[in-house]
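Here's the structure we're looking at; comments come further down.
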Ligand code: RP5
């Protein structure tokens, strides 16, 4: 079983390696506890829908080229790991981090935003009561955040960050939005044309 220090050593050695950025993860997903995973699933779903792939080997990106990695990093139980993750993020080639935490002391997103700055961190408050601690940053220390539980939007936002540099991701985001609009048009026409009773039964 690896220790926290083993994980820190791994991050630091990856940061010091001269790995080709083409082969390293683009998006980092971190969360305060594995109990946050059900709420964070949306971030994986959004990235998967946009054609990203999960990368578990730091220097071995699958063919799809755009990838994400994920770790559990607790601000309060493993502050040294949080620090190492944020501090090595740029050197490890991450372009954006999605960070989720719950409870009233949901400090992983806000602290990671400060440590990893200027890499953007998209905070996901796992519960309503976590919102204030995720977004309550002082002037000069920014964080981007989604509403409580809206991790799917965090995945889309992470892709938006990458889309400024990569046309392929921008095209996927636009296609996703067109699908979304098509879905609204479908239900709108059905509701009108079938009437409320027919719509309920469809
Ligand atoms: C937070 O404490 C985590 O992000 C999680 O939402 C919450 C509870 O963690 P567990 O006690 O379930 O591990 O730091």
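Glycine is no exception: its Cβ is also placed from the backbone N, Cα and C atoms.
Going by TrEMBL, these are the annotated features:
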REGION    1-34  region 'Disordered'
COMPBIAS  14-23  compositional bias 'Acidic residues'
DOMAIN    25-184  domain 'PurE'
BINDING   33, 36, 77  substrate binding site
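Structural mapping of features recorded in TrEMBL.
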residue: 33; record: substrate binding site; Cβ neighbours (10 Å): 16
residue: 36; record: substrate binding site; Cβ neighbours (10 Å): 24
residue: 77; record: substrate binding site; Cβ neighbours (10 Å): 12
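Secondary structure at residue 33 (substrate binding site), as computed by DSSP, is coil. Same-chain residues lying 6+ beyond the ends of the region 'Disordered' (1-34) with a Cβ under 8 Å from its Cβ atoms: 40, 43-44, 47, 52, 55, 58-61, 65-76, 78, 80-81, 84-85, 88-89, 91-103, 106, 108, 112, 124, 126, 158, 162.
Among the binding-site residues 33, 36, 77, the ones whose Cβ sits under 6 Å from an atom of ligand 1 are, in sequence order, 33, 36.
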